[in-house]
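Engineer: Just dropping this structure here.
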Amino acid sequence: MWAHQRDAFSMYKRTPSRDHSAVMDVEENSVLSQNSMDVETTNPSWWLSFPHVVVATISSFLFGYHLGVVNEPLESIALDLGFSGNTLAEGMVVSTCLGGALIGSLFSGWIADSVGRRRAFQLCALPMIIGASTSATTKSLAGMLIGRFLVGTGMGLGPPVAALYVTEVSPASVRGTYGSFIQIATCLGLMGALFIGIPVKEIAGWWRICFWVSTIPAGLLAFAMMFCAESPHWLYKKGRSAEAEIEFERLLGGSHVKYAMVELPKLDRGDEADTVRLSELLYGRHFRVVYIGSTLFALQQLSGINAVFYFSSSVFKSAGVPSDIANVFVGVANLSGSIIAMLLMDKLGRKVLLLWSFFGMTISMVLQVAAANTYALGSASLYLSVGGMLMFVLTFALGAGPVPGLLLTEIFPSRIRAKAMAFCMSVHWVINFFVGLLFLRLLELLGPQLLYSIFASVCMMAVVFVKKNVMETKGKSLQEIEIALLPQE
């Protein structure tokens, strides 16, 4: 079916580049394409783009770190700043980041398209440095909330820009593997925050050190990005073809530059002055890919992953496992799944990982339902609950965690990629906020058995949705994917 669509969609006319110094006519393209076929039979070397990808994933490490940085120290923060026992204030310290993240994600597409991917990373690091410094030095709740909000804006800006950048600078043969680095870096950030927070109960004021530590990788990100390549796709989109060619040489090697440059005019670049309107994403010819992207993020959040993370400490506590050891178990399961996903992403493909990930999450939730059954024996219920929770985290990390961010940047056409990603990440943050807000209330009203049954149903719906709507992108160039998915005008 997709082969038939590719044939049909290849008739689609793209808007030509206005950079006449770099544009080739059809005959020149054909000659260059033919001459470069021999080169393209071998994949570009992975190590040329590797350092650039590693620097970009520092933003994902920071994202994970700031998600977990207040978990252990929250009690000490409340005591020192005078709001101990005020659950509303404690909740605001945790959730203020989500409000900032929503704002950051809403503007991420505009920023990435306006100033470029490299400067967007530097702008992401700036509020994280200022916000973390504010939180580390504050003596009031208001100062803490301001710092957390500023950090949140950087957290909202970082993930979509990281997904864009990694997709656009990676060779097709390792793009899935590199995309998995984002999830692994997030896991390492979460585990780093838990590790740094260990002495918080023994050393007075240690929570301030936890915030200060985060300014080091943020500063490193801003500095190292000065030496990284800019996205050739963004440069071409801006009509800077000569610079795009130079960056391709840095990322792919000289022998692959010509082929990469021949492929770029196939992108849906659009007019230089053309702007992407929200109506075009929701009702226009790009609706289908935006629908797939936003639905994937919605299903990811509605699967119950944040609820499981939130509730894990209580489950382990009932099993007699201390909270710090419980956090280690969850972190190891998350990291292990992410590493396995990295190894399999470019072998099995994105769609296969998504299908088996959501199916595994369904089975895990069924185990949780069985554990919540009043007829289950005490010890059996405990084993089912703990085992189901760890299995859920592991299977989430295998596909539902890392794949959507990578897949979306692959299926979105170049012209709308940044803004469509910003829209989908905003959907992610809004649902994330409401799940966190309503989970305990729903647990109280519905009970664990019914609530986990709902989560299992959502995971099964995700399996059906992926089966019917998601195309495999493994090993395909961004241009091939765009031609396959973009409808005729």
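Even glycines carry a Cβ here, placed using N, Cα and C.
Remember, TrEMBL labels are computer predictions, not curated facts.
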Engineer: Of the residue ranges 88-108, 277-297, which one carries the transmembrane segment annotation in TrEMBL?
Structural biologist: 88-108
Engineer: Check the transmembrane segment (449-466) against the transmembrane segment (352-376) for contact, please; criterion is three or more CB pairs under 8 Å, pairs 6 or more apart in sequence.
Structural biologist: yes
Engineer: Are the transmembrane segment (88-108) and the transmembrane segment (325-345) close enough to be called in contact, which here means at least 3 C-beta pairs under 8 A that are separated by 6 or more residues?
Structural biologist: no
Engineer: Within this structure, do the transmembrane segment (420-443) and the transmembrane segment (46-68) have 3 or more Cβ pairs under 8 angstroms, counting pairs 6 or more apart in sequence?
Structural biologist: no
Engineer: In the same chain, who gets a Cβ under 8 Å from the transmembrane segment (352-376) while lying at least 6 residues past its ends?
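Structural biologist: Counting only partners 6 or more residues beyond its ends, the transmembrane segment (352-376) has Cβ contacts under 8 Å with 299, 303-304, 341, 344-345, 382, 384-385, 387-389, 391-392, 394-396, 398-401, 403-404, 407, 447-449, 452-453, 455-456, 459-460, 462-463, 466-467, 470, 472.
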Engineer: For the domain 'Major facilitator superfamily (MFS) profile' (52-474), provide the mean pLDDT of the predicted model.
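Structural biologist: Mean pLDDT across the domain 'Major facilitator superfamily (MFS) profile' (52-474) comes out at 87.
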